[in-house]
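Trainee: Structure in structure tokens, see below.
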């Protein structure tokens, strides 16, 4: 606990490229950039999860025809969710709600571990990650892996 950090940068709302412009709302793009190497399939999948979660709370209709780009250094998914929410908040974007990310891991002995480390996630039988909205306490995103 406390050993993970995620670097986040948010750019926008800014003028969108014509190909990415949406007439009724802001176009939100999430990019995961590893410290070394190029993003792979896992990063692309997480980008989509993060984008959909952020789109659920960003009031993009207040900034039509603009682009918002969120760049994160990939770590544990729940940490990326929390960093994304803090970046949106810090940028002063209008939000319908805040959200938080939380991860639970089912250990080989059957116990459930809250906020596991990367190593504990690898050893776990199953890992569940949720994004929960603060305003209505509803689940915005759920992701599972394992058996």
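Glycine is treated like the rest: Cβ placed from N, Cα and C.
Not my notes, these are from TrEMBL:
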type   : residues : note
DOMAIN : 2-94     : domain 'Exoribonuclease phosphorolytic'
DOMAIN : 98-143   : domain 'Exoribonuclease phosphorolytic'
Trainee: Counting by DSSP secondary structure, give me helix, strand and coil numbers for the domain 'Exoribonuclease phosphorolytic' (98-143).
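Mentor: Output for the domain 'Exoribonuclease phosphorolytic' (98-143) reads 6 helix, 24 strand, 16 coil.
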Trainee: When DSSP states are grouped into helix, strand and coil, how many residues of the domain 'Exoribonuclease phosphorolytic' (2-94) land in each?
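Mentor: Final tally across the stretch: 34 helix, 22 strand, 37 coil.
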